[in-house]
Each structure stands twice: as structure tokens, then as C-alpha cells.
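Heads up, the thing below is written out as C-alpha cells.
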Amino acid sequence: MLDIKRIRNNPEEIVEALKKRRGEYPIQKLLATDEKRREVIQKVESMKAEQNKLSKQVPQMKKNGEDTTELFKNLKKLSDDIKNLDDDLKDIDDEIREYLMEIPNTPNKDVPVGLDDTENLEMRKWGEPRKFDFDIKAHWDLGVDLDILDFERATKISKSRFSVFKGKGARLERALMNFMVDLHTDKQGYTEMNTPVLMSPSAMMGTGQIPKFKEDMFYCEKDDMYLAPTAEVPVTNLLGGEILEQGSLPIYYTAFTQCFRREAGSAGRDTRGLIRNHQFEKVEMVKFVEPSTSYDELEKLTNNAEEILQLLEIPYRVVRLCSGDLGFSSAMTYDIEVWMPSYNRYVEISSCSNFEDFQARRANIRYRDENNKPQYVHTLNGSGLAIGRCFAAVIENYQQADGSIKIPEVLQKYTGFDIID
């Protein structure tokens, strides 16, 4: 969430920044409630000063044999009034926090202003899309024809938009996961984590999934827990409520998890194949860094994700999201989009974001600076990568005229085979 002091001191700046997101946010309600809070605090402090003043009169009045009945009556009333105002203050604090939870992060000054993904800014491309001299197949047809994907049985045991990986397909999926995690841990300096996927409401709140996106989540009502939509939630919240010792940053974590999303607002989009499933696998990278380094760390994070596609030798491009396409918690995001031959376009396979101190304030993650003073960390995360989409990109880009699929050389030590036919 945003710093209430920043909003209070620079309301016009915040309003102008949030206009770029094209939404309606309760800034004025927040400021009015904040003003009310300060008035109540001032009133409480005045009453406490009066209470203290009257209390000091008691010993002298008793010493002089004076009647203290009226004095104690006044002290009792002051005490009751202070308690009532303290209760009001708790309600006001809750109201302020609710407003803050509804307000998204402010876009970084270098984020392009735009309405939707058509106005994202292309930063760079890598590789050239392969020119096929035969009629290509989409990954869902390739997978079924080679008996490595089974959508029909997945629907039978669950519902639509679930997938079963089978035989060499299951091996290829596992190979991708192992390859990604090994790259992040052995070469890029991340520590591997294995976390739960059932999340408490406070964890979901910490990274910004709720309350804004509650309807997109799978919720276990009986236990009041959510299925994690991304490893960003458990991994970021691992350090929730902690003050990290001076010199402990940066911290890099990576995790492979199952992810679960209702995709409530995506009806009719990418409903075939592996692109938009309710359950999917993903390797996530999460960073906790000092504020002064966070944008350099964002570039490194994005490069870490890009390296996977470079080693797989699959073309991709990197775009900087415009303000209208930017995620709720993000100050800046790069999307990596992989070339998908059947779509004849680039498709998102990773989002790499700098949240600045937005998530850290919600989850209360701090570190001690050089003066030993607690400060909020900056958090970043990125997909490294979405495995289902990467699987789809591999089999589409490596399909052969005879219907077989070559295995990228970098994966062969993980699969134990070099072709699926």
C-alpha cells in the first residue's frame, strides 16, 4: 500500500499519478478520514493533558482536607471520554487501512501512459521466428496427436481448462521445471524454496491479491484459505513482519509451485490448450532489495528470465507495460512474450515487476539501514517461467514436418531423449 504520509503531503501528485491508471480511487475519502483521525488524536491529547492536570491536584486537595468528589467525577468522565475516543480511533484506523488497500501503486515516471496492452512499449527482441515449409499445428493438436497431452480426460476428472501431461509430455514438463530451477540456483544466485500453496487471507493481502482480486481466487471457505495464484504470494510473505539485519540484502528466492486461478474475467480468451488454465505450474523469482538498487535489480531479474528462452533458442520480445495494463501492486513491469507459431504472434510467458515498497508496507517487511533504522524493503518478482506456456512454445517451435518434436539441446540431459514421435 502507499504511504499515508506521502498521500497527505502530496495529494495532487498522487491523484495525477493514479489518473494514468484510468481508475477511480478513494483518495478524497481517505484524506477526509485521515483529517478526522488527526482531529480525534488532538482531542484525546488535550483530554489527557487535562486529566494529568486534574490528577496532580488530588494529593494537595486531600492534604488540605478539601472535598474531591467533583474532581473525581470529572476525572471519571475524562477517562470514559478518552476510552470512547480511543475506540473511535480504532474504527477510523480500520477505515483508513481499507481505503489504502483499495488504492494501487503509483506508476514509475518511465512507465508509458496508455489504456491497454496495445499501448505497451516494445523494448527489444531476441531471435527470429522460424519459417516453416509445412503446415504447422497448434500445441493442443500436437500434444493430442503425439499422446503427450490429454485434455479430454482432464475435463472428465475436473472441468474445462485443465490439462493432463502424459508419458514423454510429463517428462518434458518436469525437465523444464528442473532446468529453470537449476539455472536460477546454480548460475543466477537464487535460493530454492518449497512452500505451501494454501494461503491465509493476510498473506494474500500482503502481496495485493485481495481484496481487489478476490473473485479471481480459489477460496476454501471452511478453512478460510486461498489456493495460491502464484508463488509470489508464499515466497514474498515468508519475510512478512520481519526486520532484516543490516547487510542481509539483497535476498533472492526461487520456487516451483502449482498455481490456481479462476480466470473469472477471461471467458472466451485462449481457452484451448495450455495458455490460460485454472491450474498450472510456474517457477517464480522473488527479490528483497534496498530501495536504491531496485530498478537495477529489475533489469537483472528480467535478464534472468530471458536467459531461459535464449538457452532454449526460442524467439521472444520484451515490452514495458503501459499504465493501463500495469498490475495493481506494480510500479513498473516488463512482460516477456514468447513467439507462438500457431498464434502468429508473441504471447506473454513472464511478468517481471518492481513493487517498490508497496508490498513491503502491506506485509510489513523491513530492513535496518546503515543507521540501524528500520526501513521498508523493495520487493520484486518475475516468472522464470510459466511452465505450461513454455511447454507449448517448445513443442510448437520445435515441431517437424513428420509431426514429431525435437527436444532443445539444453533439455536433453533432463529428458533422456532428443525427440518425441
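Cβ coordinates are placed from backbone N, Cα and C, and glycine is handled just like the others.
Swiss-Prot lists Thr230, Ala231, Glu232, Ser383 as binding L-serine, and of Glu173, Glu281, Glu284 the one it places in that same site is Glu284. For the L-serine site, whose binding residues are given in the record as Thr230, Ala231, Glu232, Glu284, Ser383, the maximum C-alpha distance rounds to 9 Å. For the ATP site, whose binding residues are given in the record as Arg261, Arg262, Glu263, Glu348, Ile349, Ser350, Ser351, the maximum C-alpha distance rounds to 19 Å. Using the Cβ center of Thr230, Ala231, Glu232, Glu284, Ser383 for L-serine, the list of other same-chain residues with Cβ within 8 Å runs, in sequence order, Val233, Val235, Ala255, Thr257, Cys259, Lys282, Val283, Met285, Val286, Asn381, Gly382. In this structure the alpha carbons, written CA, of Ala231 (L-serine binding site) and Arg261 (ATP binding site) are 12 Å apart.
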